[in-house]
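A.B. asks: This structure is in structure tokens; I'll ask about it shortly.
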Amino acid sequence: MLTIQFLCPLPNGLHARPAWELKEQCSQWQSEITFINHRQNAKADAKSSLALIGTGTLFNDSCSLNISGSDEEQARRVLEEYIQVRFIDSDSVQPTQAELTAHPLPRSLSRLNPDLLYGNVLASGVGVGTLTLLQSDSLDSYRAIPASAQDSTRLEHSLATLAEQLNQQLRERDGESKTILSAHLSLIQDDEFAGNIRRLMTEQHQGLGAAIISNMEQVCAKLSASASDYLRERVSDIRDISEQLLHITWPELKPRNKLVLEKPTILVAEDLTPSQFLSLDLKNLAGMILEKTGRTSHTLILARASAIPVLSGLPLDAIARYAGQPAVLDAQCGVLAINPNDAVSGYYQVAQTLADKRQKQQAQAAAQLAYSRDNKRIDIAANIGTALEAPGAFANGAEGVGLFRTEMLYMDRDSAPDEQEQFEAYQQVLLAAGDKPIIFRTMDIGGDKSIPYLNIPQEENPFLGYRAVRIYPEFAGLFRTQLRAILRAASFGNAQLMIPMVHSLDQILWVKGEIQKAIVELKRDGLRHAETITLGIMVEVPSVCYIIDHFCDEVDFFSIGSNDMTQYLYAVDRNNPRVSPLYNPITPSFLRMLQQIVTTAHQRGKWVGICGELGGESRYLPLLLGLGLDELSMSSPRIPAVKSQLRQLDSEACRELARQACECRSAQEIEALLTAFTPEEDVRPLLALENIFVDQDFSNKEQAIQFLCGNLGVNGRTEHPFELEEDVWQREEIVTTGVGFGVAIPHTKSQWIRHSSISIARLAKPIGWQSEMGEVELVIMLTLGANEGMNHVKVFSQLARKLVNKNFRQSLFAAQDAQSILTLLETELTF
């Protein structure tokens with residue numbers, strides 16, 4: 001018997017997804033493999049995902065795999081590599097605390113005295129709809145069904161039907177929905193899940209319905225006893241697939257509380273299973289209040305992915321009496337506003353207007369090409385692994401795909417994908433891209449990405465081993481099939497080809513020969529294809545850096561794989577905790593290497609990108625811009641922030657920063673340089689058209705201040721509109737800012753304003769301002785920075801003096817539009 005000892009690396013513990021992947025890895029071997037959690041003193045068959053989940057394994061638990069059988073030596077090598085390198089990738093990422101923190105109630109809402117219930121924010125957003133209570137269905141009718149001779153047959157039929165339904169949904173869904181459906185499919189295909197139902201029927205003589213329910217209760221009891229929140233929240237998944245089995249087996253016993261949403265609805269339930277959520281008409285799902293759902297439940301993950309706000313912590317009995325009433329679920333502030341009056345509804349209408357403006361502005365910004373502050377162009381692209389990720393990447397502002405990991409098509413399957421399957425996958429992403437470039441990295445398999453059906457022997461050091469372009473000659477037919485598929489797809493869009501792990505010119509010359517052979521074959525076969533294709537290499541082996549000039553004669557572009565390049569340059573395994581602190585690309589040697597690559601390539605008219613993790617690190621963006629890189633490719637959620645930051649950077653200043661960094665003697669000196677580097681920011685004018693509004697239909701003072709502060713947030717003049725609003729209200733409490741003549745001048749000197757601003761709203765009708773000076777038709781709000789000195793007094797004084805002038809006031813009230821108001825104020829006032 002051989003043993004692998006390790007500490008569990010999974011932050012969320014051994015839940016469904018990693019348990020399924022570990023089970024799949026272990027199931028490849030004939031040997032018996034036992035998983036042991038030493039903290040729990042729990043053992044499990046490693047070829048059963050449910051058994052693995054039942055061990056209650058948490059992050060950093062001491063664990064081992066015991067392997068015994070004819071292929072134990074090979075199994076140990078493969079599984080040890082998997083545990084050390086890829087096991088952690090099977091975990092899911094928990095939302096950050098910042099996403100889940102309720103904001104204090106803004107004064108513009110609290111002053112309206114709304115009827116509120118307070119909960120915990122699980123998914124942010126605001127939803128308006130009718131409160132609808134969903135009662136849980138009783139399973140007693142299924143439990144009471146007597147045993148039958150046909151039960152075993154019915155179980156097999158129901159399992160097969162459910163698997164077929166899940167597979168059909170998998171074909172129709174993408175993103176988080178697909179991931180969660182895959183987890184459910186893995187659970188029903190687990191031998192222990194169905195095996196325990198069979199044992200309950202044969203050994204305890206239970207009927208099929210009772211056996212399904214008993215199995216559900218047993219598994220849920222194990223999960224509920226776990227110390228891990230994440231594992232406890234998998235109870236909903238077990239209940240979900242068990243209830244689906246019951247409904248398939250006895251369709252005549254329809255659920256009493258089937259959900260049909262015919263109007264905007266705030267759904268209130270003890271819990272909601274993922275399949276129930278997926279069955280809803282999301283157009284009418286305004287929000288959810290789930291009493292028992294935790295922060296990592298699959299239903300909540302789906303809700304976040306669908307932008308559905310969710311609260312918890314509100315007992316059902318506290319809400320039941322409000323069923324059927326209108327409400328607002330505010331998952332920004334963590335409140336439920338019951339039966340809102342006109343004023344409260346008005347607050348949320350203003351909030352929605354601001355949200356719509358923000359969304360429109362973000363979409364417009366994401367769609368813009370990436371430029372530096374001084375108009376230096378740089379491409380911002382996305383790293384993706386499947387065609388399904390492409391639309392989301394482009395929505396985030398990706399100008400192309402800098403790395404399409406084609407090896408994902410080859411993994412987790414029993415045989416390689418054929419040419420047609422690959423062609424369809426590549427064609428799909430090209431059609432989604434339009435004329436945007438898609439860089440297909442040819443299969444980076446072997447080494448640390450073992451593919452069982454290739455039968456490549458295991459290696460002591462897979463990172464330095466037989467992988468990527470090094471295996472292509474042995475598997476020339478496999479490689480040729482991929483080239484044919486990419487060339488066929490390339491006729492439908494802007495496809496480019498990138499070869500990984502190249503270290504010599506001979507390799508790329510061989511690849512070019514294979515491309516020509518593939519083109520000849522496609523012509524012979526009469527298949528539509530591209531006659532030529534742009535060709536590049538991944539620069540991740542240091543030897544390439546010294547012959548970039550030679551490669552420039554053979555390829556069109558270079559993309560630096562910073563992850564592997566860092567490891568190879570320093571001889572550091574970043575997964576080895578003893579040396580991983582040495583893994584740092586921001587050192588003089590690494591930066592000088594990048595500088596050499598870029599300089600040599602540019603001298604010969606070739607472009608250079610970077611597609612490792614470094615490309616999306618906002619802290620190092622000034623260095624990457626300064627080094628002259630032409631493209632940065634990153635995970636798509638990072639793209640909007642990187643584009644926004646890039647617009648604030650001056651390329652000349654960044655070039656000087658990069659020059660100084662290359663002269664540093666240590667990483668610490670470079671970090672100090674970065675800390676001291678303060679990009680010059682555009683000075684935004686005090687008065688601007690974006691902050692002037694006419695004919696605004698506000699009902700009260702609260703809406704006016706809410707809108708003007710919120711608009712400053714939309715326009716990037718503050719990152720903290722709620723805090724800025726609070727400062728305005730604190731000043732308002734000292735003395736009312738109504739100054740007479742139908743004018744109010746709310747003002748504050750605040751740390752929360754990034755660019756001092758004057759905001760103006762001329763109203764469609766007068767509103768009360770709680771002032772002896774009467775109603776207000778014109779609001780002029782001053783928000784000045786805390787470091788403005790006495791400037792706010794000067795501005796306020798100028799305005800006050802001008803407003804005494806009847807002609808000036810009449811001109812303000814008579815101005816036809818916002819531009820006319822701006823022109824008048826710029827003429828009359830000096831700042």
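Please read every residue number as a count from 1 along the shown chain.
Using N, Cα and C of the backbone, Cβ positions are placed for all residues, glycine too.
Got these off Swiss-Prot a minute ago, pasting:
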ACT_SITE  His15  active site, pros-phosphohistidine intermediate
ACT_SITE  His298  active site, tele-phosphohistidine intermediate
ACT_SITE  Cys611  active site, proton donor
ACT_SITE  His747  active site, tele-phosphohistidine intermediate
BINDING   Glu540, Asp564  Mg(2+) binding site
DOMAIN    1-90  domain 'HPr'
DOMAIN    685-828  domain 'PTS EIIA type-2'
MOD_RES   His15  phosphohistidine
MOD_RES   His298  phosphohistidine
MOD_RES   His747  phosphohistidine
REGION    119-650  region 'PTS EI'
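Describe the structural context of these features.
C.D. replies: The 10 Å shell around the Cβ of His298 (active site, tele-phosphohistidine intermediate) contains 28 further Cβ atoms across the protein chains shown. His298 (active site, tele-phosphohistidine intermediate) falls within a helical segment according to DSSP.
The secondary structure of Cys611 (active site, proton donor), as reduced to three states from DSSP, is coil rather than helix or strand.
Other Cβ atoms within 10 Å of the Cβ of His747 (active site, tele-phosphohistidine intermediate) number 22 in total over all chains.
Around the Cβ of Glu540 (Mg(2+) binding site), the number of neighbouring Cβ atoms within 10 Å comes to 25.
His15 (active site, pros-phosphohistidine intermediate) falls within neither a helix nor a strand when secondary structure is assigned with DSSP, and so counts as coil.
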A.B. asks: Hey, how far is Asp564 (Mg(2+) binding site) from Cys611 (active site, proton donor), Cα to Cα, in Å?
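C.D. replies: Given the Cα positions, Asp564 (Mg(2+) binding site) is 11 Å from Cys611 (active site, proton donor).
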A.B. asks: Nearest by CA distance to Glu540 (Mg(2+) binding site): which of the active-site residues is it, out of His15, His298, Cys611, His747?
C.D. replies: Cys611
A.B. asks: Distance between His298 (active site, tele-phosphohistidine intermediate) and His15 (active site, pros-phosphohistidine intermediate) at the Cα atoms, whole Å?
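C.D. replies: On Cα coordinates alone, these residues lie 12 Å apart.
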A.B. asks: I'm checking region-level scores; what's the whole-number mean pLDDT for the domain 'HPr' (1-90)?
C.D. replies: 89
A.B. asks: In Å, rounded, how far does the Cα of His747 (active site, tele-phosphohistidine intermediate) sit from the Cα of Cys611 (active site, proton donor)?
C.D. replies: 47
A.B. asks: Work out, from DSSP, the number of helix, strand and coil residues along the domain 'PTS EIIA type-2' (685-828).
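C.D. replies: Going through the domain 'PTS EIIA type-2' (685-828) residue by residue, I get 65 helix, 35 strand, 44 coil.
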A.B. asks: What is the interatomic distance between the Cα atoms of His15 (active site, pros-phosphohistidine intermediate) and Cys611 (active site, proton donor), given in whole Å?
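C.D. replies: A Cα-Cα distance of 31 Å.
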A.B. asks: What is the total of other Cβ atoms whose distance to the Cβ of Cys611 (active site, proton donor) is within 10 Å?
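C.D. replies: 29, counting other Cβ atoms within 10 Å of Cys611 (active site, proton donor).
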